[in-house]
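Here is the structure we will look at.
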Amino acid sequence: MKIFKPALWKIPPIENGSETALAEKTETLKQRLHRIAGSHRDARFASSLAAEDMVITDLIAGENLNIGIFTLDTGLLHAETLNLLDRIERVYPHMQIKRFQPIREDALHYVESKGRFAFYDSVEARRECCRIRKTEPLDRAIAGADAWLTGQRREQSATRTELPFAEYDAGRGIDKYNPIFDWSEHDVWAYILANNVPYNDLYRQGFPSIGCDPCTRPVKAGEDIRAGRWWWEDKNSKECGLHK
């Protein structure tokens, strides 16, 4: 008997005639990054290693901007994500990406008191896991900085449709920027494919949005690009708490 396999999301191809529009968007993004670097003594980019984050990373490296880059190694990342980190270090040897990990005792206590996969039990349990593995390490990563950057885009989810370029992170008392906020998925991939920017191998396996291994799965063609993130929850709760 033939087993039916649903068609999965695929990396969008470069659209014909998009070169001029992409060049304009790229120039605007460069200007935004230069503005951020020039107006802050210590700006730091929180890279999730997603495709849009790799666009920003490539421009920071290419423009030699004074913007530090870090990523959150949650302890639950896919092997493909860790492999990407190694590739980034080879492609951009002059650039250091700092890794911030959860406090080991807190992560162990969560597992021992609640269970290894307790994040499937409730939104509260999942958010507590995200707090330990993402939010607390992020707070350490931007401590002392006067601005931080994200790779968030308006198109990504229902909770990001009004995302601005610049905002104030009142909870942390720091300026926050979303420099690629107005790029589309096609813009992101057109840049990556045209400039041979390294990206996570999971994208070729139907993952348009990538988080921790237990909380991410492939997405079917036509589904929301974040449908594979915390798929057991309501779409309006699908945030990890980093962007309060």
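FYI, residue positions are counted from 1 along the chain as it appears here.
Cβ atoms here come from the backbone N, Cα and C positions, even for glycine.
Feature annotations, courtesy of Swiss-Prot:
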- C129, C130, C212, C215: [4Fe-4S] cluster binding site (BINDING)
- C240: active site, nucleophile (ACT_SITE)
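Around C212 ([4Fe-4S] cluster binding site), taking its Cβ as the centre, 21 other Cβ atoms fall within 10 Å, counting all chains. Counting every protein chain shown, 21 other Cβ atoms lie within 10 Å of the Cβ of C130 ([4Fe-4S] cluster binding site). Each of the binding-site residues C129, C215 was scored by how many other Cβ atoms lie within 10 Å of its Cβ, and the smallest score goes to C215.
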